[in-house]
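S.K.: Below you'll find the structure I mean.
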């Protein structure tokens, strides 16, 4: 039975107003570590051993049967695991409506938070940490347990900055030769077979995630990113990622062998241990003194630490009931005290080993400490004492650990959520200052791993022409909807967009356009007119929309940066010596917004080619022509849903196919069409027209919902475009004559005369340049 006492003030009249701490069983709650939808994690201190623990308090009434089963399976797995680099389970308490899981507390927080604050690790330190991670994962696999959610958020750091693997919520048992079919995990760390919905072997899934983790440790960024889940899925399936200039050849080789798309060709843990990069420091770093053996924590082997049992008996805890609890894997108060005392003894012995001196004193025994007394505060009045403690005199024996376990609760209440790194550890990691130079991206070549012999092909394989300039982490992808072009460099200013809201990972995502300065396409005719102060980025061939999910919330690029055009030839690596002048530095520091969350059903994420076009969005909102947004109920130019991503995703695919096929459309001037007089060259402007005195709409619009044009109009020079549209099951209609507008008028847009120079077009119209080289008298209808 769990008794949970709330904060209560002293009775009226005493005037002190003091509050008793919140208690759960033998634990005093100190503060909140984290909150979720159905659970809260509290930092607590055991009242007997004075050890800090983490208590996960779960409201079972708010969980469905599947999630409750997941919680019970996590507890079952943690009961079977005992490893120095895996979070230990101390106690499980359950009532009708609540579940309390008491685990080890890692005082230095998540590895993710450390990387966001300090930048990436040096390869030597990353190797030490990766050895610890690898040993923990190998231990799980040896016990036929697969984790399935390995990521830096689940790698905790204890007081010695050692790794502690946590969160077995997606973990499960597996058997060799029996594939699993639960497609779960965190998208940036998930293997390709999870996105494809294929059955998989558990260890191969964890090895892919280990490759992503090692990349993040060394580079400080994610190898696979994207503004939304479909884009991320596409990049994971392609298996392409960037290699920074500072990564060694051996480290690159190991990462590439782990991040192989084909699970059958993926490296194994035994091969990882024998890899040249790992053998640079072959021995797993450990304490100078021998640590406790695994059977000290195992409940059913019958071999327990006699010193811990002796201390418990000295404190008045029934030895027989403690042994029974350990044998039955009860994980009750008796077992919790034993495990916590075992941890304190381990810390004490390691401290004795590290203490300098020619002669070390023997370990203290409880029988040698009969002159000490145990404070009885909190024990005599505890409701568990009759069942937990044996009849003892008022003066009990206290071990030498009791003096170390006593500490003030007031100081612990003022500690931050994640403890700062000790000054003695300042030289362990490579500090990364948070400066604008460290927040820039690098246009680094991407490579596709094809065929066997990855290590042999590294020096000879030339990278494909890169058509993307994406940022290196999920939160660093520019959210501007860049125009879709063939592989070429597009020079445009950086933009920033705000995250969209209210979307799901499985649907096409809405976006909110941002103001964007004018930009020019990277054609030879226009590149000569560009100033040398324009920042350089590559146009992305993927969806330019952003995601509102916590996993993939994007942030805009840094604006205002003035760099010279890129003047280097991209090869196998970005740079092996020094950065070229004007080349933006590789991001070596994660951002808080890249924190990932685990998902079930990753196989349901649809690819880019399967997105359904409902209605195209406006060119104004996509290209940042103006901050104008159409009303939600307005049809016409914006279709049924303003700002819809689905329409533009398909339109961009059509335009990409048109560019790649090098289709040219030169409409012949219709005899009945009168040409408007050519005014002086001026920028092309589209703006909303309101009021009764507005000019009539022009006859040429990019719109949706218009009736299909008759076949004769499609036979006047539009056959190449029509054939390209048929390949995509899309009706692309081109005409030069005036067309009647639908009954419900679309949002009214005014434009200047159609004879404007194409160089004045804003960035959102770059991809339309090939369709209107002569005039703007041609409209394109996508239905």
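Glycine too: its Cβ is placed from the backbone N, Cα and C atoms.
Relevant sequence annotations retrieved from Swiss-Prot are reproduced here:
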ACT_SITE  149  active site, proton acceptor
BINDING   33, 34, 35, 36, 37, 38, 39, 40, 41, 56  ATP binding site
DOMAIN    27-278  domain 'Protein kinase'
DOMAIN    303-343  domain 'UBA'
MOD_RES   182  phosphothreonine
MOD_RES   186  phosphoserine
MOD_RES   322  phosphothreonine
MOD_RES   473  phosphothreonine
MOD_RES   575  phosphoserine
REGION    353-377  region 'Disordered'
REGION    449-477  region 'Disordered'
REGION    583-612  region 'RK-rich region'
REGION    619-643  region 'Disordered'
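Just tell me what is around each of these and how deep it sits.
M.R.: DSSP assigns residue 41 (ATP binding site) to a strand segment in the three-state reduction.
In the predicted model, the domain 'Protein kinase' (27-278) has a mean pLDDT of 92.
For the recorded site, residue 182 (phosphothreonine), the DSSP three-state label reads coil.
Taking Cβ-Cβ distances under 8 Å and a sequence gap of 6 or more within the same chain, the neighbours of residue 322 (phosphothreonine) are 309, 312, 334, 335, 337, 338. In the three-state DSSP assignment, the secondary structure recorded for residue 322 (phosphothreonine) is helix.
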S.K.: Reported as an integer number of Å, what is the Cα distance between residue 39 (ATP binding site) and residue 149 (active site, proton acceptor)?
M.R.: 19
S.K.: Other residues with Cβ within 8 Å of the Cβ centroid of 33, 34, 35, 36, 37, 38, 39, 40, 41, 56 at the ATP site?
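M.R.: Once 33, 34, 35, 36, 37, 38, 39, 40, 41, 56 are set aside, the remaining close residues are 57, 58.
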S.K.: Taking only the Cα atoms, work out how far residue 186 (phosphoserine) lies from residue 149 (active site, proton acceptor), in Å, as a whole number.
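M.R.: Distance between the two Cα atoms comes out at 6 Å.
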S.K.: Which of the recorded positions 33, 35, 37, 41, 149 has its Cα closest in space to the Cα of residue 182 (phosphothreonine)?
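M.R.: Spatially nearest to residue 182 (phosphothreonine) by Cα position is 149.
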S.K.: Measuring Cα to Cα, how many angstrom lie between residue 41 (ATP binding site) and residue 149 (active site, proton acceptor)?
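M.R.: Computed Cα spacing between residue 41 (ATP binding site) and residue 149 (active site, proton acceptor) is 19 Å.
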S.K.: At 10 angstroms around each C-beta, which of the recorded positions 37, 182, 186 has the fewest other C-beta atoms nearby?
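M.R.: The recorded positions 37, 182, 186 were compared, and 37 has the fewest Cβ atoms within 10 Å.
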S.K.: Near residue 41 (ATP binding site), how many other Cβ atoms are within 10 Å of its Cβ?
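M.R.: For residue 41 (ATP binding site), the 10 Å Cβ neighbour count is 18.
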